[in-house]
Amino acid sequence: MSETGRTEQNTRKLGTWSVFVIAVSAMTPLTVVAGALPLGYGEVKEKGIPVAYVLVAAVLAIFTVGLTAMARHVPNSGAFYAYAAKGLTRPAGVGTALIALLAYNAMQIGLYGAFGVAAHNAAAIFGLEMSWIVWALLGWVAITGLGLRRIDVNARVLTVLVGAEVLIVLVLDAVMVGHPAGGSVTFDTVNPALIATAGGVSLLVGAVAGMVGFEAPLVYAAEARDPRRTVARAIFMTLGVAAILYGGSAWAMSVVAGPDRIVEVAAEYLNDLFFVLPDPYLPAAITDLARVFFATSLFAAMLAFHHTVARYALTVAREGVLPPALARTRDDVPVAASLAQSGLALVVLLVFAALVLNPTTDLFFFGTVSGGLGVLALMTIASLAVLRFFRRDPHGETRWRRSVAPWIATVFLVLMLLLSVAFFGDLLDSDNPVKVWLPPLAFLLLFVGGVGWGRRLRRDRPAVYAAIGGGLPPEGAPAAAGADSDHRG
């Protein structure tokens, strides 16, 4: 098939299971459980992690009600970008697209830091010693190659990786709950009062960062066999898995370590905590295997986020907002956008290696938490867009879907966003003003700049402006830019 042929968005190859697997792989269950949860205990030094993850999952489930209702009427691979353009204004859509590109790139590239370290630790089990950057670059080569393959091929790879990591999480959780400190299981860390503090509130953005990926089905709506049902099913399934695995695993770690000692023990072991705690009760081969799966979990997440970034860039470029060269496809694959994302990741990795920065705290933790803040901003914008979209035209949706649920979600999301910015330094456990203020200011400036760019397009390139959020190239654009089926939302 040539570049001028149909794009991947027209192939509709993905069923509910495939989309669900992509979403779960983007959330990286084992990565969050073994990477983010221990850092929450050890770095943020708060015990309310189980409550934070369950609360965020509940809020996102309410948010999903209105979001999936809108997705039925605006099936676009640009997801939040398209919703902002259709529900708010086209300039707001452009600003939202820029936030999305930065946020998802920060998530994807940040994961390379943890992958390099995890792969180094896993290889050391077999006597192979190589620096984290070597493993990160090897992962980059594999991601770049798979990024140029069809999404259904990638979905099969992700199914194997996700199945393995979920299984190992459940096994280790069961072992930890079966060996409680002091001989009795306690529920001290599931007390909602634990998040009613400054530090506890800061856990919410960490929980949002851990949930990033649940919205991935929206990006694949135009590639799903039955988008009206597939997207909603996949998202709710993903949130259910996340609430159980994340909340349950955080609680299980506190059970085996003891609720009074979990913060102290986590500060000592950090990213090794999830493997150290059940280690005395398991054969060494099991914990060694878990460390290997930790590396493959990170790889699965990098691959899933790579595809998300590529599809956002493809959609925005195809509509003429970004350079049209990024819209080039081959055999249903967004080749140019994929290579651009890989190129950016390579530059960042080489800079981090040259500056000898810490791959865990400076790349992984800072990158993914910053990306999580950006995605929280995206969700807040999208929730506002849902309200306005259905206010203009109910589109036959029930009051619960078009108004009640979106209003509840919007209130919670706005509150979480404001609190996350206010306590961002607590979450990072840093008083460095650059680290604390750079991410929120960068997202704000990108949004403002995007709005300005959108207004300029309205004045100077009206055809491009009219196409924003529609999923199709502007009138008169070359066919090679591809199309997103016949949906304009």
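Each Cβ is built from the backbone N, Cα and C atoms, and glycine gets one as well.
No curator has checked TrEMBL annotations; they are predicted automatically.
Residues or ranges marked as transmembrane segment in TrEMBL: 14-39, 51-71, 92-115, 121-143, 155-175, 195-222, 234-253, 292-314, 335-357, 363-387, 407-425, 437-454. As annotated by TrEMBL, domain 'Amino acid permease/ SLC12A' applies to 21-424.
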Any chance the transmembrane segment (407-425) and the transmembrane segment (195-222) have 3 or more Cβ pairs under 8 A, given the pairs are 6 or more apart in sequence? yes
Near the transmembrane segment (437-454), which residues from the same chain, at least 6 beyond its ends, have a CB less than 8 A from one of its CBs? 89-99, 102-103, 106, 321, 370, 373-374, 377, 421, 424, 465, 468
Mind checking which residues of the chain, 6+ beyond the ends of the transmembrane segment (155-175), have their Cβ under 8 Å from one of its Cβ atoms? 14, 17-18, 21-22, 24-25, 28-30, 33, 146, 241, 245, 248-249, 252, 274-275, 278, 281-282, 286, 289-290, 293-294, 296-297, 299-300, 303-304
If one takes Cβ-Cβ under 8 Å and requires six or more residues beyond its ends, the residues near the transmembrane segment (234-253) are 16, 19-20, 23-24, 27, 29, 32-33, 37-38, 40-41, 49-51, 53-54, 57-58, 60-61, 64, 67-68, 166, 169-170, 172-173, 176-177, 187, 189-190, 207, 210-211, 213-218, 262, 266, 273-274, 277
Contact yes or no, the transmembrane segment (14-39) and the transmembrane segment (195-222), 3+ Cβ pairs under 8 Å, gap 6+: yes
Distal contacts, the transmembrane segment (92-115) - CB-CB under 8 A, six or more residues away: 28, 31, 35, 78-86, 132, 135-136, 139-140, 209, 212, 271, 295, 298-299, 301-302, 305-306, 308-309, 312-313, 316, 321, 341, 344-345, 348-349, 352, 358-360, 362-368, 370-375, 377-378, 381-382, 385, 439, 442-443, 446-451, 453-454, 457, 468-469
Other than its close neighbours in sequence, what residues sit by the transmembrane segment (51-71), given a CB gap under 8 Å and a spacing of at least six beyond its ends? 40, 79, 83, 86-87, 189-192, 194-195, 200, 203-204, 206-208, 210-211, 214-215, 218, 221, 227, 231-232, 235-236, 239-240, 242-243, 246-247, 250, 379, 382-383, 385-387, 389-390, 395, 397, 400-402, 405-406, 408-409, 412-413, 416
Chain residues outside the transmembrane segment (121-143) and at least six past its termini with a C-beta under 8 angstroms from it: 112-113, 115, 272, 288, 291-292, 294-295, 299, 302-303, 306, 342, 345-346, 349, 352-353, 359
